[in-house]
Every structure is written in C-alpha cells, then in structure tokens.
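Feature annotations, reproduced from TrEMBL:
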type	residues	note
ACT_SITE	GLU156	active site
BINDING	HIS155, HIS159, HIS165	Zn(2+) binding site
DOMAIN	57-257	domain 'Peptidase M12A'
Amino acid sequence: MRGRAWDRPSSSSRREMEALRSMLLQCVEMLQMAPSLLLGSAELLMEGDLVVPRTRNALACGNNACLWKKSSNGKVEVPYTVSSSFSSYEKGAIETAMSVFNTQTCIKFVPRSSESDYVAIENRDGCFSSLGRTGGRQELSLKRDGCVYHGIIQHELNHALGFYHEQTRSDRDQYVTINWEYIDPTTYHNFQKQITNNLDTPYDYSSVMHYGRYAFTTQYGKETITPIPDSRVEIGQRMGLSRTDIQRINKLYGCCE
Ligand SMILES: [Zn+2]
C-alpha cells in the first residue's frame, strides 16, 4: 500500500535508474544552487510517494474530514515534529519551505505541543506522505539523501494538506496523454484519474504536484506523460509551489472567507 522509492517493476530498468541516480547524486553538492537540475534523482525518490487511503478522496471527502481544522482566528494550524536525525541545515530548509505556506496561505505549520493530529517528518526510505489529515500521528518522509529540497518538501507537505498529483486530476485527459505502453501494470495506480475537486482552477503544468514526463517509465528515454497539444510544455518542476498551487490551498481551506 505504501508507495516507496524504488518501487519498480523491471530489474533491468531499476539497474539503469539506479546507475543514473547514483551518477546524479554525485552531482548534488554542485547543483544545490540549481534545484531544477536535480529532477533526475528527486523524481526517482518521489515516484509512488503518495500513501493513499483507498476508501476516500481527500479533495472530495465527506464533511471535509480529511482536511486540517480551521481555528476561530481563520488560521489552519498544522502541528508538526521534525526528527532529530536531520541536520540544522536540513531543519532550516524544512522551515523555509513551510514559511511559504505560512505567509501566502492561511495554513500555519506550527511545532507540535500536545496536539493529537500532527505530521511527523522523518528520514525514511524515500520521499512520501499521506493524503490529507489522517488523524493521529502521520508520517511524512524526507530521505536525507535526496528529498530535503525546497520544492520536494513543499510537494510532500501539499500531499499532507490533501492534494493529489496534478496529472491524476479528473480532467487530465484534455491536457496530457498517458503512454500506458511504457508503464508497468503494477504501477498503473499512479496514473489513475481521481475524482478530484479542481477548485475551479486551470490544469497547471507548472504545479509542484505534477509528475515529470518520464515518471515510472519502463524504457529509458520513453515518456509516460506527454502534454497535449504542445508536447514541449515543461512539466515536473520542483522549484516550489506555483501560483496556482497557492491559489488552490487558499480555495480549499477557505482562506479568504
Ligand atoms: Zn507526490
């Protein structure tokens, strides 16, 4: 059930990707000033990163039970803890990623005191998160080796707020073609359309929640997701929340009400 990094069907493809990843990781130090160039390694760690409860849909759940609760002051506090295994630099990166939510939306990530529902940020095997508020302690993993980057942190936090991957939107077939021939059936679920509440916002190729074009490919160099009608449109950026990502958070949580 829990999607993990390296959840790959073909051992030859896995070997290729592992070789690619290790090559990319050697460059990580050099590339820290250019996070978009890290997409190769980051995407591998993020594939299948959504821990989805099959029984509900976060963006369309009854009584908004899967959303975080708004206080009387209009803020939506999301308590969190950060594992002591992260360095102070990494903790700073996590706080910086959260600060964008805190300043541009009514979401306020706050260090947990004694709240029962909270996000526990841990260094597990990959980058992954549950979808929406699950109730109780919910883990959000940022593997130290590959996940602690601004856009990736925001991507996982956005899952915890209730957002699916952009390319699983209910209306995605008008905007992207899924190339099923390069996807192994065991990973089909990552490309299934969801009954999403699209919040009256346009499909956003630049969403931090959109997969890259080679996500889960079984053949190196073959696209699994192709934008239409213009196949050259960039997808899969992990620089950070897009304008529409921020707008959606504000709409979903009624920040302007
Ligand atoms: Zn994801």
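Each residue, glycine too, has its Cβ placed from N, Cα and C.
Rounded to a whole value, the Cα-Cα separation of HIS165 (Zn(2+) binding site) and the residue listed as 'active site' is 10 Å. Within the set of binding-site residues (HIS155, HIS165), the lowest number of other Cβ atoms found within 10 Å of a Cβ is recorded at HIS165.
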